[in-house]
Structures are given as C-alpha cells and as structure tokens.
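Down below is the structure, laid out as structure tokens.
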Amino acid sequence: MLTPTVRKFQYGQHTVTLETGMMARQATAAVMVTMDDTAVFVTVVGAKKAREGQDFFPLTVNYQERAYAAGRFPGGFFRREGRPGEGETLTARLIDRPIRPLFPEGFLNEVQVVATVVSVNPQVSPDIVAMIGASAALSLSGIPFNGPIGAARVGYINDQYVLNPTQDELKQSRLDLVVAGTDNAVLMVESEADLLSEDQMLGAVVFGHEQQQIVIENIKALAAEVGKPRWEWHAPEVNVALQRRVAEMAEARLGEAYHITEKQARYAKVDEIKESVIADLLAEDDALDAGEISDILGALEKAVVRGRVLRGEPRIDGREKDMIRALDVRTGVLPRTHGSALFTRGETQALVTATLGTERDAQNIDELMGERTDRFLLHYNFPPYSVGETGMMGSPKRREIGHGRLAKRGVLAVMPSQDAFPYTVRVVSEITESNGSSSMASVCGASLALMDAGVPIKAAVAGIAMGLVKEQDNFVVLSDILGDEDHLGDMDFKVAGSRDGVTALQMDIKIEGITREIMQVALNQAKGARLHILGVMEQAINAPRGDISEFAPRIHTIKINPEKIKDVIGKGGSVIRALTEETGTTIEIEDDGTVKIAATDGDKAKHAIRRIEEITAEIEVGRIYQGKVTRIVDFGAFVAIGGGKEGLVHISQIADKRVEKVTDYLQMGQEVAVKVLEVDRQGRVRLSIKEANASAAAGQDAPTDAE
C-alpha cells in the first residue's frame, strides 16, 4: 500500500506541499514539491562507495522541464524533449551552487540530483520549487549533507520587498533576486536590479534569508519524521606525520613561488615544487600515495596564500587588499563590426563586439512559462587558449552560459527601450586572457562596445569581483580577485552597476559565518572599485557615439493605415517579397500599421518608403496618373497606376472618336496618362485616357508617376 507522507505550509502568498513515499521508491530519496500548482519532482541517488582513485566530488544536478507540465507538445521534428535549453542549464546551476559546499570535505561518493518539472502554473516559476525539492530530498536521503537549505525569490515593488513575487509582479519589480542558505548562513545570491543602492541589495538578501527559515524548519521536521538514518561515513584520516614532512619540504618554497607576480611563471614554479616534493617523498618511501601527497600540497598551498592575506602582507601579485589591477581600455578596435572594445584588467582580457539588427534578428524563445522574444543577446566564449591550455572547442558549456547570463544581467538595466531604439542587439565577449573575473570584464567590455556602436544606453556600467579570506573573527575582503584568490578564498562576490546603483549581484559562499557586516564591507569596497573602473572607462569613451556605424542597418519608421497592411504584404507575401528584393531592404510590419524599413544604404530606404507610400496611397477621383497597360481585352484595357492598383479604361474612354479595335490605339506595356473617373464600393477603378488628354490640353493637373 502506497502511503505518502505530506507536509504543507504557507510560504508568503503561496502554499507549499512536500510529499514523499509515493513515487521513485528505489531512489535514495524522492520528494514532490508543489507551490500553487507548480510541481517539481526531485530525486537523489548516492553511491555507497567512492570510485577507486577518485580525487574530486562527482555531484551532478540535472533540471528538466517537461512540455506536458504546461499542457503542451514539445517543438521540433521528433516532438519530444531533447538537450537542456539555456534556461534549464541556468536553473541546474542555481540548484548546484548552494548545495555543493554543504557536502563534507573528503566525501567523494557520486551523487546525482534530478529535478523534473511535472506541472507548471505560469505565475509561479519552478526554479525556487526545484531548489526546495533538492534540499528536501538530500535531507531525507541520509547522504552526508550539512543542510537543509531554503530558497527565496525577492522582488522590490513600490519601495517594499516582496517574497516570491508572481510573474506579473516581477514585471513591475525593480529587483529579481534569488537567495539560498542554511538556517544561519547565506550561501548563494543571484540577482539583477534596476540600479538599486548597496543598502537596498543587502536588505533584500537579509529579507530573503529571514523569510526562507520556514522552509528549512519544515524540511527538518519532514526529515525527522521519515528521513533515512545518516550514512556512517567518516572523513579519511589525515596523515599528520606526512603533513609535517610535506610542510618542511615545501612551505618555504611555495611561499617564495607566490611572490612571482606573472601567472604562467608562478604556475610553472609551483608545479615544479610539487613534482619535486612528490618525487623526493616517493624515493624515501615508495609505499606512499602520490595522490595523498598532492592533496596535502594543495592544502598547504591554500594555507600559505591565505596566511599572507590575513597577516596583511601584499597579495600574490603584490597588490594591497583594495587595489585594482592595471587597466587598459580601447574602443573601435575592429573596423567592420558595429561596435567593439578591448578591455584588459591585469591578466584578464575581453574582446567584446556589439552587432545591431532588426526585429527579425530577435531570438524567439519557447519556454515552459510561455513564448517570449529577446531583443538583447549577450554571448560569452571562454576558449582554452585564454588560460594557456589546449582543449575541446564546441557548443557553450554550463559555465559559459552562466557567465554570459551574469554579464547580461549587469547590462540589461541600462539598455534603451524598444521605442527609443528599435534594434535587436547582440553582444559577444571573447575572453582572450583569463586570470580571474572574466565575467565582470565582459560587463565592462559590453558597456564600451555598446557605446562604440552608438546604442543609447542610460549609463556606463562596470563589474568587479570581490573575494574573502576568513579565519575565525579575522577577515579580509579582496578587490578584483585573481583566479587563485577565487579558488583559495571563502567567497566569490561579483557586483556590476553604474555610478547610480547596482545592476547585478552574484555571490557564492563556501563557508558558514558570513555576517551582514562582512557583506556590507564587501559591497562598499566593490562600489569604490566600480567607480574607479568607470573613471578609467570614461577616459576612453564617456557617452554613446552620436550615430550608429556606417555598416549597421538604419531603421526608418513610417505609419500606414492598418487596413492597408494587406496591400503591402500582398497575396501570400508576394508584394512585400518583391519590395525587399527590388529595394534591397528589410521590411517589418506591425499590426498597428507601424512599418520599419532597415537598410545600410539611405537611398534604398527612401526608395522603399516611396514605394510603400505609393501602395498605400488612396486613389483620388479626378486625379491624373501615369500608368502602364497591363492587359488588353475586347472592351478596353487594364492599366496599372502604381501601388499594385489596376483600373479599367473602357473602349469608349480611349479616344474622342469611336474605337473599333483597342490594339489600334494601345499596346501591352505602353505608358499612358489616365484620369480616375470612379472608385466603386468594391474598390474597382474606372479610368479614362480621353479625359486625361482633355485635361492636359486644357493645362490642368500633370500626371502622377506610377511605378
């Protein structure tokens, strides 16, 4: 008999249900989490033993959205879900980041978390539900896990924080922030903001962490009721004697190596020391394990670097804690791109381009929550040569997708509205060198490239990565961290914004005990660094260029009567197709009659506008037009008078005298002046050559050209 255990609680404006024991009973743990009709089924499976020779923690998080959850069929030829989309990849990272640091040091058993969206309410995003589900499943599994965590989304509407805002509320919000943490520590923050202050951002983090405590309490209660016993796992014993011996042989040498400021030279020296120590120790005792020695050397390396920072000594590259590396900023570095910039900060460098396109270049995204169009794309590429390595090149990896989204968040708040700038914009950041904070270099480069392209952004933005080294009550916040400081530190804290406020905040914390005071110090220090970088950027370009690139399409907008849209499009799109081929332009028509003509050549755009005006012009009775004979029949001739309009010249209206045979007076393709006699209710046009000739003889209206 299936007997599920259910726990229900109120979480802000939503009701959350945790249910276990009903499905996937062969998994280590499984939980169905529902929040107002959005349901995510989360399973956890953990291997009882680590693989032989395993030297890292193999945690995998898979997040998958099923089309049936929204009552839809998947797109594509096969009509089934395929590889994860960008949104699914980002949500998988969102789940992974706060749970990864909560597994104990030395735990190397394989763990897989699978979150499947099985029902979706369009107003309730599944990401928070999936994070709660992962926390609950891990807490029930018995796998060594120092959780549970809670998760919350925080909005900022009418100067008030809003817990887990609906999708409609998010459209009015100046903030979209996700925070996750344990009962006493914040572990992860991901956000985008509309130029909020540092205090407002910190307040949102604290608010979200306080509100999610009810989630943690209910997961703990569920685990106490039906959770499996915690595995009898013990951390591998530390060989203290070997630790001492390694320290004797390597500590001083590693300290000297970390005085080498150039990254590649330092890495080479550190590798040389490690290889030497391992070889010497194995020569002394071949029963020793090279992997264990390598792990001890890694821990010693970390202690050496952290100790220097905590003692107030200069950092790896000789800087003080709040110093920014040397900056080099250049714009317009590529001749044919619409906008470009080369941003260099120390040994981190980004070549960033901006490309302008029309509305048809926008990305149409078919998501579980519905379809949407994205007019601003930012892509981040991290090739292996940027760190002096060889490697596979191909489609973007999870990290590249995540870094690209963070950089996009940093710039999004300053992008102009569609009405102010009707272009689709694509920014690409090519990381050509990397030694820490390449995503924030991408924010700086994107701002510069957009201004170089003439995109009227509201303000320049810059990004900075902060780090933290903390031992007990002693802590040091580092500005503009190197890759090593990121790897060996306790916090990665990235902030992007303008002079007026924050546009994006991302935080990943590896330890507990990060207080509000520490976060406040980091945010304030980041603001100073950001303003310094903006000052240097403004020396290169201090405002968007007054005009877009000569190689970019110029968009000209005109308005036509919505009833005339069908005339411009034509049967099966024939007219608009012919227009684009004839004029060499791109033409887009909206339902309200707005027509956008994009062309790199101004004369071509003017030609297209003139043709559209002709097509949509009303035929005036009594007006003379220059037309072309298109068809000859027994009772007269049909004459095209422009804009795809055609009228009949009856045989009696060809000449002043009686006409026996139409072809005696008119030939196919002949150009003639015609006067409009009548437009009937059905839109049929009656023309007269006879009347046009009479008017011309009397010196009346000159004929209007019809193309």
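Just so you know, glycine gets a Cβ as well, placed from its N, Cα and C.
Look at Swiss-Prot and you will find Asp486, Asp492 tagged as Mg(2+) binding site, backed by sequence analysis. Annotation comment: Swiss-Prot describes 553-612 as domain 'KH'. Marked as domain 'S1 motif' by Swiss-Prot: 622-690.
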Averaged over the whole of the domain 'KH' (553-612), what is the pLDDT?
88
Go ahead and report the DSSP secondary structure tallies for the domain 'KH' (553-612): helix first, then strand, then coil.
32 helix, 16 strand, 12 coil
Which residue, out of the binding-site residues Asp486, Asp492, shows the minimum number of other Cβ atoms inside 10 Å of its Cβ in this structure?
Asp486
Look up Asp492 (Mg(2+) binding site) in the DSSP assignment and reduce it to helix, strand or coil.
strand
Helix, strand and coil totals (DSSP H, G, I; E, B; other) for the domain 'S1 motif' (622-690):
8 helix, 33 strand, 28 coil
